[in-house]
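Novice: Here it is, the structure, as structure tokens.
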Amino acid sequence: MESNQPNPTPLPLFPPGIPIPPTARQNAVTATASNIPTPFLLIPKPEPVEECSIPVAIPTATATSNNDDIKPIFLSGPHRETLPPSATSCNQNDGENGLYDEFNRVSQLFRMAFAQGTQQLEPSPQNEFSNDTVLDPNSGAIVPVPPPPPQQYGGYGNRNDAAGCEGSSSNGGNTSLVKRNRSKELVRVKDLTIKDQRHFREVVRRTRMIYDSLRVLATAEEERKMMMADWKKARGDLRASNLMKTYELWLNRDKRIVGAIPGVCVGDVFLYRMELCVVGLHGQTQAGIDYLPASLSSNGEPIATSVIVSGGYEDDMDEGDVIIYSGHGGQDKHSKQVFHQKLEGGNLALERSMYYGIEVRVIRGLRCEGTVNASGKVYVYDGLYRIIDCWFDVGKSGFGVYKYKLFRIDGQPKMGSAVLKEADMLKRDPLCFKPMCCLSLDISNQREPVGIRLFNDIDKSRDPLCYEYLPKTNFPAFVFHQTGNGTGCECVNGCFEGCFCAMKNGGEFAYNRSGILLRGKPVIFECGPFCRCSPHCQNRVTQKGLKSRLEVFRSRETGWGVRSLDLIQAGAFICEYTGVVVTRQQAQILTMNGDALIYPNRFTDRWAEWGDVSLINSDYVRPSFPSIPPLDFALDVSRMRNVACYISHSSSPNVLVQFVLYDHNNLMFPHLMLFAMETIPPMRELSLDYGVTDEWTGKLAICN
């Protein structure tokens, strides 16, 4: 941040650089609040509890690797910035020396406070951290903590033994899990190699995929029970998160991470708050301030690690890089301030984080088109902020409010909330940003239900305009003739369980009522032209065509890429991968001519990952029905293609290929339908796993 930023009018409540004991802080608050009239018969709003109310286990599922080369180092934070003199007293030197000086300063402050707290303790075998204790300078922890007693963990063994499944276990058949509290140790994760970053990103990606799969399956189960009179609706996001907690799949539970979470990128979007807890980004299920409570802190002081800014408090002010964040407490059920706030809990934790110079993660709750939750909000991770000021002020409702000024740390990627706002502006006015770089508003020439934008701000290439747009795959005539007499369901309105089309899919439909893929299969049979059901049938999804507003853009890394202006939910249909179908004999001739061909049998089986709940259900078996023979055809995209042809390759893709049949029943020639493997934020590039690239597809891989 710039060092010449103006200070707010109110003076800091506790100037940094001077240790303030808790009693002095409380006296200062009492003196400040005494000038404000206290209302009668008003009870302050209690702070929400830290954990879920459902008593399930909290296992350790921190991302680890079997590779000995991957050893994350817990040192100081990766960012340094220039702050006003009143914000910090640390060394302002740039580079690695300044970085380690900052870590040493913060660690020394904590150790001094911790040592003062232990001087009152008598040395004893039970008190491991007595005044004779020598703190390990290489521990990597910001706050060192004594090891917990063995009985705190319940004595359970590996995941299979503690999973609560039927059958015996290594501890005498006792399969129950004992709740384990979150760690007291505060650490930073730094010096991750590229290999480490990819590993942790993959761990987070797979964890979120399991969460989304469980949530979607739970939603489908709710839909099947909606007609039962004695059924009480349960939220799929809560059921999914509690199942993952029970089976030790929550991440980052063994350490309280200060700063960036490994594997979570700035701009990541989460549809539900419980998903923030699953990945360890924000540990509170209700409260907006996540912190290490004073009762768990080794030095007796709470420390904040993350905040959620969602506009729920009337005294908040959000200007992007600068946030005036009001504390918690004193609100009624209508989010109206009705009582004075107190310097306790999360409020005190934010003040202590300011004093020690500890950054906090900021997650913004925003209203977004296309959300599936009841609140209509999504949660976007916007990076790290530094708390540079704190003061007690009179709020808009006339009651005392604690306010904190947060500055975003320099050198981070663009805020995800800003990207969402820009994408929303482009949907309303496609020419509002660099209009000369927008080469076409619709390269499909209205052959798709939604226009596809072409954007190039790098060079003068216009290649996508040189091909004829093909909205659906062009099959040879014999594909339809070989299917024989067409058969379909006899459902008058929508299809129901047990109908002819459901039986072709193994007795269950592939989608829920919102058109979200429940689990991947070798092939999916949708209702077709021979079915009597309506066009709004639950089993008609991919045949309706494109719904998301996609954009083909020029990329310095991959040549051409594809991104969406809309938020794409995990499991949602995106588009079809089209081309002109040719046989193997025809493909050999075209290859000699240098034509571009896509072989469907070379796509990896990423469809098997979507809906894979084997870590939850030990009896889970990868779907094998309906079966499909080896595919022996290719797609010629050298002259006719669609938007999917510009999707880049990645070994960790966010899009999968699912084979679908609807207009014919020839298993040898299915459609290639693309579905989202994860929640894809607007303006994030789509990627596929082509299996083998470069030598036959000409696709460039996404390296970041």
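Heads up, the Cβ atoms here are built off N, Cα and C, so glycines get one too.
From a predicted model like this one, the values you see are computed outputs, not experimental measurements.
Feature annotation from TrEMBL assigns region 'Disordered' to 1-22, 160-179. Residues or ranges marked as compositional bias 'Pro residues' by TrEMBL: 7-22. According to TrEMBL, the feature compositional bias 'Polar residues' maps to 167-178. As annotated by TrEMBL, domain 'YDG' applies to 259-408. Annotation source TrEMBL lists domain 'Pre-SET' at 487-545. Taken from TrEMBL, the feature domain 'SET' applies to 548-691.
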Novice: If I take every residue in the domain 'YDG' (259-408) and average their pLDDT values, what number comes out?
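Specialist: Taking every residue in the domain 'YDG' (259-408) and averaging pLDDT yields 90.
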Novice: Could you give me the DSSP helix, strand and coil counts for the domain 'SET' (548-691)?
Specialist: 19 helix, 48 strand, 77 coil
Novice: What is the number of residues in the domain 'YDG' (259-408) that are helix, strand and coil, as DSSP sees it?
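Specialist: Output for the domain 'YDG' (259-408) reads 18 helix, 57 strand, 75 coil.
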Novice: Tally of helix, strand and coil residues over the domain 'Pre-SET' (487-545) according to DSSP?
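Specialist: Per-class counts: 8 helix, 4 strand, 47 coil.
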